[in-house]
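Asks: One structure coming up, written as structure tokens, with questions to follow.
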């Protein structure tokens, strides 16, 4: 009997030790996630406050709004849930309802800001002239206000009026709801109506809009890349055909295959860029919103096909919040923000780089497909050399359009096509006064 008691005590101690180790690992992982989210989004906000040129671009207003929503996720949502995960119960009592409202509001605001960014970039690429006229700071603030207002309406009003909770079906469940849900944990059961309606507004409708906009952006970029490739091949072909042999006879000339390979490479890079944007977002949030719509339909029978354990649900909740730590890397890691981050962190002085040539592809704020290549010698500040191919009918941003050096740079290729401009210097803008609207066939109107 004494041996049996000793074995039982040893088994209990082993389980407790494993549970303690698991809690420590969980605490470390969640702390790193919260700190990375705080650091990334704080850097974005600090860069915008510190550098005036970042505030001058209307598109960055949406990036700032996204960073604020993600920062609120890291401050108002993540820490409280992390403490509950480590402690094994909800220790904050009646703060539960307010926390649930903050959770829904901040997460919805983050997703809606991502949707607004996708619409903004599509509009800038598809209708650049109209975008320059219509997308003023006032228009940007209106879009941002709509996103935040919708987030508040879908969160605080239903939660404070208890519209979001599922009604208890029996006395025992009612007691558990009134006691356990408030004191022991904060995993409130959503009603079916609220779960579906909030999921539609917070995720399914925005993700559908993002899929449509980014698909169209890729198609526009693909057409422009192929048009540019055709112009490059025509230029090389014409140059080769003008070369003569020693006796004055023209040499045989052929279309270069390298241009086709470069075109395919550029299309692949654009596709990868857009795939990362959508892939990260969908992978982080889709599992949670699927479960969010399934759990309210969890029955009381033996099979319970829509029921899952709380640990699985919490894991996918954290997957969704993790998207807030990745957004600064995806949306605020262009050349402007990278230089601002390097200045804020002192990396120009403390982080010397080796010789390295890096080529990246992106779609900039002006609606252009950008193939950037920068050479970074050791111990010096990196100098970007970007080749920007403007989408047909697209022009540069109106901010700072006073420099005219780009006109001289673009002249050689303007002879090939008035729809094409090449900018070799990142800091050089294209003057709207020097570029006339073009028709569908690529000619200036007469």
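Glycine too: its Cβ is placed from the backbone N, Cα and C atoms.
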Asks: Compare the topological domain names that Swiss-Prot gives for residue 21 and for residue 89, and report whether both residues sit on the same side of the membrane.
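Replies: The record shows them together on one side of the membrane, with a shared topological domain name.
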Asks: Ranges 139-163, 164-188: which does Swiss-Prot label transmembrane segment?
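Replies: Comparing 139-163, 164-188 with Swiss-Prot, transmembrane segment matches 139-163.
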Asks: For which of the residue intervals 238-262, 313-337 does Swiss-Prot record transmembrane segment?
Replies: 313-337
Asks: Check the transmembrane segment (139-163) against the transmembrane segment (24-49) for contact, please; criterion is three or more CB pairs under 8 Å, pairs 6 or more apart in sequence.
Replies: no
Asks: Who are the long-range neighbours of the transmembrane segment (193-218) in its own chain, taking Cβ under 8 Å and residues 6 or more past its ends?
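Replies: Distant contacts of the transmembrane segment (193-218): 104, 107-108, 111-112, 114-115, 118-119, 121-122, 125-126, 150, 154, 158, 163-164, 270-271, 274, 277-278, 281-282, 285-286, 289, 292-293, 295-296, 363.
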Asks: Do any residues, 6 or more residues outside the transmembrane segment (24-49), come within under 8 Å Cβ-to-Cβ of it, and if so which ones?
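Replies: Hits for the transmembrane segment (24-49): 55, 60, 63-64, 67-68, 70-71, 73-75, 78-79, 82, 85-86, 318, 321-322, 324-325, 327-329, 332, 337, 340-341, 344-345.
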Asks: Quick one: of 96, 186, 347, which of the recorded positions has the smallest count of other CB atoms within 10 A?
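Replies: Per-residue Cβ counts within 10 Å for the recorded positions 96, 186, 347 bottom out at 347.
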